[in-house]
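Feature annotations, courtesy of Swiss-Prot:
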REGION    1-235  region 'Pyrophosphorylase'
BINDING   13-16, LYS27, GLN78, 83-84, 107-109, GLY146, GLU161, ASN176, ASN233, ARG339, LYS357, TYR372, ASN383  UDP-N-acetyl-alpha-D-glucosamine binding site
BINDING   ASP109, ASN233  Mg(2+) binding site
REGION    236-256  region 'Linker'
REGION    257-481  region 'N-acetyltransferase'
ACT_SITE  HIS369  active site, proton acceptor
BINDING   ALA386, SER411, ALA429, ARG446  acetyl-CoA binding site
Amino acid sequence: MTHKERPLDVVILAAGQGTRMKSALPKVLHPVAGRPMVAWAVKAAKALGARDIVVVTGHGAEQVEAALAGSGVRFARQAQQLGTGNAFLVGAEALRHQGDADILVLYGDTPLLRPETLRALLADHRAHNSALTILTAELPDATGYGRILRDADGHVERIVEEKAATPEEKAVREFNSGVYVLDARAPELARRITNDNPAGEYYLTDLLELYRQEGAQVRAFKLHDPDEVMGANDRVQLAQAAAVLRRRINTAHMQAGVTLQDPSTIQIEDTVTLGRDVTLEPGVILRGQTRVADGVTIGAYSVVTDSVLEEGVIVKPHSVLEGAHVGKGSDVGPFARLRPGTVLEESVHIGNFVETKNARLAEGVKAGHLAYLGDVTIGAETNVGAGTIIANFDGVHKHQSTVGAGVFIGSNATLIAPRVIGDAAFIAAGSAVHADVPEGALAIARGKQRTLEGWSRRYWSGMHEGVRKKLPWLAGWLERQ
């Protein structure tokens with residue numbers, strides 16, 4: 001097997017505690033653009049066609065492993081935090097195959113690495129028959145990073161850590177990203193790393209000297225964008241990483257035919273899919289498994305999570321959709337809320353301050369204002385008046401109601417579930433409907449109006465004079481009576 005034909009295995013180091021995050025959540029599980037940081041590393045490894053991916057866990061191992069369950073990776077636990085060299089060895093020894101693959105080392109807190117960068121790194125490693133290839137970058141000020149020191153011929157000589165560097169070495173701009181491609185000998189050499197240092201830890205960087213002692217080829221592959229190897233060790237760096245990913249994601253969507261009216265304010269998670277000629281107004285947030293079809297407009301400051309929006313849908317500003325399916329040509333909002341289980345068929349109108357949950361509205365249904373529609377199926381072309389409430393909860397259980405097609409529900413009506421309203425029925429405004437309504441019937445369920453002539457004059461005349469003086473309009477009105 002030639003060097004170029006070797007399979008690729010990946011070890012992802014994700015065992016650190018991340019104390020600078022000051023969080024109960026393991027560092028690598030902090031989300032960036034819709035994925036935990038470690039999931040970005042897994043995604044990149046999969047894009048390379050890796051044969052085997054092992055994630056090394058330690059702090060919060062159960063949480064990390066649960067978060068990645070079903071992703072196709074395997075896990076190895078680092079029992080004690082003994083440094084990167086020990087963590088790598090734990091992961092390498094857990095690989096299914098030994099001694100026949102190149103091994104890529106990634107970190108669970110570097111979510112910005114592009115698969116194309118890693119492909120180029122791997123290609124360089126194999127083209128030069130290298131034993132160890134280090135991914136490096138340059139910064140005007142590389143404070144905090146280990147520096148790459150080269151000999152007079154430009155070959156990598158050693159890596160010096162920040163705390164051990166001389167002033168001259170600290171001036172070096174090229175730094176070690178911590179990402180490596182190693183040949184199949186790496187696990188064997190890693191067993192020879194010692195912890196003879198002030199921290200008493202095993203450092204993966206010591207592999208460089210061990211390879212050099214073997215006379216092996218060691219290279220550095222320098223990338224042009226140092227942002228790619230930006231680690232997120234605290235909340236500030238997490239926000240910086242999120243901003244980089246947001247720009248990447250937004251740019252990709254714009255290049256694919258999506259209009260973002262103010263990209264700096266729009267957040268689209270990596271798991272979202274958008275069609276062509278979609279328009280996103282300022283402040284829009286799209287999350288989870290949201291799928292948006294061609295020609296959809298989403299208004300300013302709307303939040304859409306795990307929802308499907310079919311062709312031509314209009315979501316007006318300040319609307320919140322979660323777990324909803326909105327059919328072609330429907331419009332929602334402004335200030336509407338569609339909760340999980342909502343299905344709007346074609347050309348449905350949901351207006352301002354309407355809330356739905358576990359509701360299916362057939363084609364042409366209109367609910368224009370101030371309504372709650374929960375646990376209900378509503379037939380085609382039904383009109384839901386302002387203030388309509390489906391009273392679906394009895395204090396213990398939710399109950400389902402059915403409203404037929406072509407029904408007219410007057411304003412401020414309450415349907416006390418479970419109810420069945422037949423096709424073409426009328427519900428009078430202000431009714432509290434507590435019995436089923438047959439097809440084509442009119443239901444009126446409200447108290448009879450009483451009108452008491454002269455009541456206001458008697459009421460105010462009996463009021464204390466001090467109260468009447470606070471109402472200047474009242475004296476004039478009483479004089480006219």
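Keep in mind that glycine also has a Cβ here, set from the backbone N, Cα and C atoms.
As the structure is a computational prediction, the values presented were derived from the model and not from experiment.
Long-range contacts of the region 'Linker' (236-256) within the same chain: residues 21, 30, 32-33, 37, 111-112, 227, 230, 263, 266-270, 274, 276, each at least 6 residues beyond the stretch ends and with a Cβ under 8 Å from a Cβ of the stretch. Other than the site residues ALA386, SER411, ALA429, ARG446, same-chain residues with C-beta atoms no more than 8 angstroms from the centre of those residues' C-beta atoms, the acetyl-CoA site, are GLY385, GLY387, THR388, GLY410, ASN412, ALA413, ALA428, GLY430, SER431. Using CA atoms as reference points, the binding-site residues ASN233, ASN383, ALA429, ARG446 were checked against HIS369 (active site, proton acceptor), and the closest is ASN383. Note on ASN383 (UDP-N-acetyl-alpha-D-glucosamine binding site): other Cβ atoms within 10 Å of its Cβ, all shown chains, come to 17.
Taken residue by residue with DSSP, ASN383 (UDP-N-acetyl-alpha-D-glucosamine binding site) is part of a strand. Listed in sequence order, ASN195, ALA199, GLU201, TYR202, TYR203, LEU204 are the same-chain residues at least 6 apart in sequence whose CB falls under 8 Å from the CB of GLY83 (UDP-N-acetyl-alpha-D-glucosamine binding site). The two recorded residues ARG339 (UDP-N-acetyl-alpha-D-glucosamine binding site) and ALA386 (acetyl-CoA binding site) have their Cα atoms spaced 19 Å from each other. A straight line from the CA of GLU161 (UDP-N-acetyl-alpha-D-glucosamine binding site) to the CA of ASN233 (Mg(2+) binding site) spans 18 Å.
Cβ packing within 10 Å was compared across the binding-site residues LEU13, ALA386, ALA429, and the lowest neighbour count falls to ALA429. Cβ neighbours of GLY108 (UDP-N-acetyl-alpha-D-glucosamine binding site) (same chain, under 8 Å, six or more residues apart in sequence): ILE12, LEU13, ALA14, GLY16, LYS27, VAL28, MET37, VAL38, ALA41, VAL55, VAL64. In this structure the residues listed as binding acetyl-CoA are ALA386, SER411, ALA429, ARG446; their two most distant Cα atoms lie 17 Å apart. When pLDDT is averaged over the region 'N-acetyltransferase' (257-481), the result is 96.
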